[in-house]
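The next block holds one structure in the form of structure tokens; read it before the comments.
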Amino acid sequence: MSFTRRKFVLGMGTVIFFTGSASSLLANTRQEKEVRYAMIHDESRCNGCNICARACRKTNHAPAQGSRLSIAHIPVTDNDNETQYHFFRQSCQHCEDAPCIDVCPTGASWRDEQGIVRVEKSQCIGCSYCIGACPYQVRYLNPVTKVADKCDFCAESRLAKGFPPICVSACPEHALIFGREDSPEIQAWLQDNKYYQYQLPGAGKPHLYRRFGQHLIKKENV
């Protein structure tokens, strides 16, 4: 059943592939805008181990009933001995025109000056409007604090101390890249690689870039 839901959610979205020439155009467009953080998930390097998700849970004190991040194992092809998987990161897209911000009655859901969509815990009343409005289904209500939670690129736990998000540091395959969207590292990667962005109806442009990749894995290893 979980595979069916994921397949349906992915099927509803718009997938736009870009090449290096397109990324240079994006870079020129962004020069006049505010600084934005962005993340790259290189699916060709990701092995689906979910070490990033476990590190995120520990660092950000997520309960067992909720998660800021997960790597979905989506079967693409199947045979007797091996299955080809697409490892897809499920987390906040930090999208422009985020519906979670629009529906929040207290202003607890907001975007900071670096483009990170965040939750102000002291203002959240636990109404779950933002959770229902998120088309990606990547928010949850913490059963202990009764506050909405989601990926915020470790804004308080890591970024404020000068460290990248814990998922980036924990990934054993170096499948995650994080930084200012206009930084040389991010722009060089976008220039040199074919990538895509996944956007669902009702949400604005995401700030999560993805490089498509699939992996053949023996069934007993998954």
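Glycine too: its Cβ is placed from the backbone N, Cα and C atoms.
Residues annotated as signal peptide in Swiss-Prot, with sequence analysis given as evidence: 1-27.
For 37-66, the entry in Swiss-Prot reads domain '4Fe-4S ferredoxin-type 1'. Along the domain '4Fe-4S ferredoxin-type 1' (37-66), the predicted structure has mean pLDDT 95.
All protein chains included, Cys49 ([4Fe-4S] cluster 1 binding site) registers 15 other Cβ atoms within 10 Å of its own Cβ. Taken from Swiss-Prot, the feature [4Fe-4S] cluster 1 binding site applies to Cys46, Cys49, Cys52, Cys171, supported by similarity to another entry.
The [4Fe-4S] cluster 2 binding site annotation in Swiss-Prot covers Cys56, Cys151, Cys154, Cys167 and is backed by similarity to another entry. The Cβ of Cys151 ([4Fe-4S] cluster 2 binding site) has 27 neighbouring Cβ atoms from other residues within 10 Å, across all protein chains displayed.
What Swiss-Prot records for 83-114 is domain '4Fe-4S ferredoxin-type 2'. Across the domain '4Fe-4S ferredoxin-type 2' (83-114), DSSP helix (H, G, I), strand (E, B) and coil residues number 5 helix, 11 strand, 16 coil.
Annotation for Cys95 ([4Fe-4S] cluster 3 binding site): same-chain Cβ neighbours under 8 Å, separated by at least 6 residues, are Val117, Gln199, Ala203, Gly204, Lys205, Pro206, His207. Under the heading [4Fe-4S] cluster 3 binding site, Swiss-Prot lists Cys92, Cys95, Cys100, Cys134, citing similarity to another entry as support.
Taking Cβ-Cβ distances under 8 Å and a sequence separation of 6 or more, the neighbours of Cys124 ([4Fe-4S] cluster 4 binding site) in its chain are Thr106, Ala108, Val147, Ala148. The [4Fe-4S] cluster 4 binding site annotation in Swiss-Prot covers Cys104, Cys124, Cys127, Cys130 and rests on similarity to another entry.
Long-range neighbours of the domain '4Fe-4S ferredoxin-type 3' (115-144) within the same chain, counting only residues 6 or more positions beyond its ends whose Cβ lies under 8 Å from a Cβ of the stretch, are 9, 34-37, 62-63, 65-68, 90-95, 98-109, 150-153, 155, 181, 200-203, 207. Residues or ranges marked as domain '4Fe-4S ferredoxin-type 3' by Swiss-Prot: 115-144.
In this structure the C-alpha atoms belonging to Cys56 ([4Fe-4S] cluster 2 binding site) and Cys171 ([4Fe-4S] cluster 1 binding site) are separated by 11 Å. Across the fold, the C-alpha of Cys151 ([4Fe-4S] cluster 2 binding site) and the C-alpha of Cys134 ([4Fe-4S] cluster 3 binding site) stand 13 Å from each other. Listed in chain order, the residues near the [4Fe-4S] cluster 1 site other than Cys46, Cys49, Cys52, Cys171 are Asn47, Gly48, Asn50, Ile51, Ile71, Cys167, Ala170, Pro172, Glu173, Ala175, Leu176, each with its Cβ within 8 Å of the site Cβ centroid. Sequence-distant contacts of Cys52 ([4Fe-4S] cluster 1 binding site), defined as residues of its own chain at least six apart whose C-beta falls under 8 angstroms from its C-beta, comprise Leu69, Ile71, Ile166, Cys167, Ala170, Cys171, Leu176. Cα separation, Cys92 ([4Fe-4S] cluster 3 binding site) to Cys154 ([4Fe-4S] cluster 2 binding site), rounded: 12 Å.
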